[in-house]
Amino acid sequence: MTQSPTLSRRTASAPTQPRKSRRRGADARAGYTFLLPWLLGFIALTVGPMISSLYLSFTNYNLFDAPKWIGFDNYVTLFQDERFLQSVGVTMQYVVFGTPLKLAAALAIAMLLNSKRKGQGFYRSAFYAPSLIGASVSIAIVWKAMFGDSGPVDQGLSFFGINLGGWVGNPNMTMGMMILLTVWQFGAPMVIFLAGLKQIPVDLYEAASMDGAGPVRKFMNITWPMLSPVIFFNLLMETIHAFQIFASAYIISNGEGGPAGSTLFYTLYLYLRGFSDFRMGYASAMAWLLVIVVGIITLIFFKTSKSWVHYSGDAK
Amino acid sequence: MIDRRKFLTTVALGTASAAFLSACGQSSSSGQTGSAENPVTITYTWWGNDDRAERTRKAIALFESKNPDIKVNGNFSDFPGYWQKRATEAAGGGLPDVMQWDLSYLRDYGQRNQLLDLGTVKINTDAFDKSLLPSGQIRGKTYGIPTSTNAFAVYYDPAKLASLGIAEPDGTWNYKEFNAFLAEVGAKGNGTLFGGTDYTGIWWNFNIWLRQNNIQAFTEDGKLGFSKDDLKKWWNLTADLRGTGAIVGEDKATQLLPKSPFGSNVTATEVTWDNFMAGYLADSGAKELKLVPVPSDDPDNLGLFLKPSMLMVASAKTKYKDAAARFIDFMVNDPEVGQIFKTSRGVPASKTQRDGTTFEGTDKLVVDYEKSIEKYLKDAPEPPIVGFGTLESTFKRVTQDLNYGKLTVDGAVDAWFKEAEDLIKQNA
């Protein structure tokens, strides 16, 4: 664990020849010109709003009147706000349970789809499709109808003698429903897992078979370590993604985070604070707190990853 | 390959004709008004259900046929989503030209210069009851024109009561009697029909109760006029009913959204504004719904008042002040518009519209109801404080938590007061 992976293509730079430097300057200019539209958009639509939201997070701003500077008041008030704490709890539940389940589903299906069989292309598309449309409003509406009172889920379960009633109106069931919705959208991490699985040399498995390793052993000793950079990537992306859940929660709870605050996700509360209660300064503070927390979690992931993520160049 | 000269000529011609066309468009006095050939388009938005959407479409079509120089682009949403959209638009400076408005939000937007001072444009208010117009005014400026009036009432479905063998109420009841009535419906309804929704969850109902007890909801300097104790008494009124058949469970009510439990035939009664009649009839498919006054422990003071059920407002930034004013004038005064909406927006506020409308059947019930309570009517309460919309929705949310059993009455009172005091401090 002492040596960090070296990327060979970065060190292998292009041959430098003085007579071509003029040409390279022109190339750079052309490059920047082509980059310009994106750069302008990035500054105007991302950096600009971020800076102004940072400023607003220290103010009392109601969208209409000029913002009033109040220092750290918003950040202090946040921690006395029960609904804020509730939204943190709801979001953490979703991240902690939803993300690993989703990744497990993605990995399991990816391993199934990795083996050669008939109609493989069809299955891959079929499993990927939900994540293409999953974030859309229409799916949230369908989901709500499915889990509603006497919806298909309720009826299906009562066929087996389980009478839970509708999930949408039951504060104890809504989180399960939201997690199921995200697990069902495992397509994107699945595709990445699939690509990762293809990279694992088949002879490793063959050798293991000769040594008499079973499927569990092969998974633990070959698949998991070989796939660990991909698992790490997916874990990071999906965790960040889970923190940002909004659209489906908004639709399923009619934009209110109900019932009884059980779907009051962080971003939903942020939105309600900003646009329902006209407290944009407060909402900005919430947004920046989210940035900071996600940043810290990412950092922790990177720090701990050293102990379990293996790159092919690593000396063991 | 494209011929270079041909290409340049085309571009030049195109630019020239575009300039020419836009010059034509502007030639008709400063671009603010349209003509039959080149109408201006104003946007109009409202909240409501399909029934109102259908009626509004008819009214817009009528307006366009009478005013060929104006086109109206309409769209609508449900009530909670409506205000979130408006806030987003206001922040971006792009409110629709004309909007249906609610008293709860008039101060928030009017006081912050988002709404057009309708005193500066031509809208005829001669046919309005003079006591009603001030409710659209803030600090001497008119921001909203009432389309109609409504009053609070208890709805019931006579057919459902008959099927349970329960006599129809006559509307002279105190809270104890009303609760007993809800409980009886619940007991006989046996899980399929509930007494009603928790009536203590509606701010305006609480406001009426306060008036019955001679308490003002808000003081003149924008503070709360009632105490924690008052609110505790109010939420304790239905404490024994929550979780029984008298009150429909919150989980069930949530599932039914955006329809109300009453509109979905799950409850036999509903306490709310009398202008919901058309919507409830359309939603529930009931043959007939009736209205009686709200309960009161003081039979001489029902605390009732007429409120502008909706207002018409225009955006302060509209480019088409004249067209917007003509559309508002049309929507509040035209007799044919009254004929289209009947009482679905409330009883028409302008006399010309009232006189031009024939009220039959259920519409007549609404008009008759407002006549029957005339002797109990008092002045409308003070225009609500800035941020009232938030207080109103918090009121509803906290009562929902009560009904879910997530909060005790004491906890609910504390939660609401904390929010209210915070909000008043914010806007001070």
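Just so it is clear, glycine is given a Cβ too, placed from its N, Cα and C backbone atoms.
The annotation region 'Disordered' is assigned in TrEMBL to A:1-25.
Sequence annotations record features per position, and here TrEMBL assigns compositional bias 'Polar residues' to A:1-18.
Long-range contacts of the transmembrane segment (A:30-58) within the same chain: residues 67, 69-72, 74-75, 280-281, 284-285, 287-288, each at least 6 residues beyond the stretch ends and with a Cβ under 8 Å from a Cβ of the stretch. Per TrEMBL, transmembrane segment is recorded for A:30-58 (among others).
If you look up TrEMBL, you'll see A:88-301 marked as domain 'ABC transmembrane type-1'.
What TrEMBL records for A:94-113 (among others) is transmembrane segment.
Residues or ranges marked as transmembrane segment by TrEMBL: A:125-143 (among others).
The annotation transmembrane segment is assigned in TrEMBL to A:175-197 (among others). Sequence-distant contacts of the transmembrane segment (A:175-197), counting only residues of its own chain at least 6 positions beyond either end whose CB sits under 8 Å from a CB of the stretch, comprise 90, 93-94, 97-98, 101-103, 105-107, 109-111, 113-114, 124, 127-132, 134-135, 139-140, 143, 147, 167-168, 223, 226-227, 229-231, 233-234, 237-238, 242, 245, 248-249, 252, 262-263.
Annotation comment: TrEMBL describes A:227-252 (among others) as transmembrane segment.
Residues or ranges marked as transmembrane segment in TrEMBL: A:280-302 (among others).
Away from its own ends, the transmembrane segment (A:125-143) comes close to residues 109, 113, 177, 181, 184-188, 190-191, 247-248, 250-252 of its chain (Cβ-Cβ under 8 Å, at least six residues beyond either end). Away from its own ends, the transmembrane segment (A:94-113) comes close to residues 120, 123-124, 127, 175, 178-179, 182-183, 185-187, 189-191, 193-194, 197, 223, 227, 231, 234-235, 238-239, 242-243, 245, 265 of its chain (Cβ-Cβ under 8 Å, at least six residues beyond either end). Among residues of the same chain six or more beyond the transmembrane segment (A:280-302), those with a C-beta under 8 A of the stretch's C-beta atoms are 53-54, 56-63, 67, 70, 74-75, 77-78, 84, 232, 235-236, 239-240, 243, 266-267, 269-271, 273-274.
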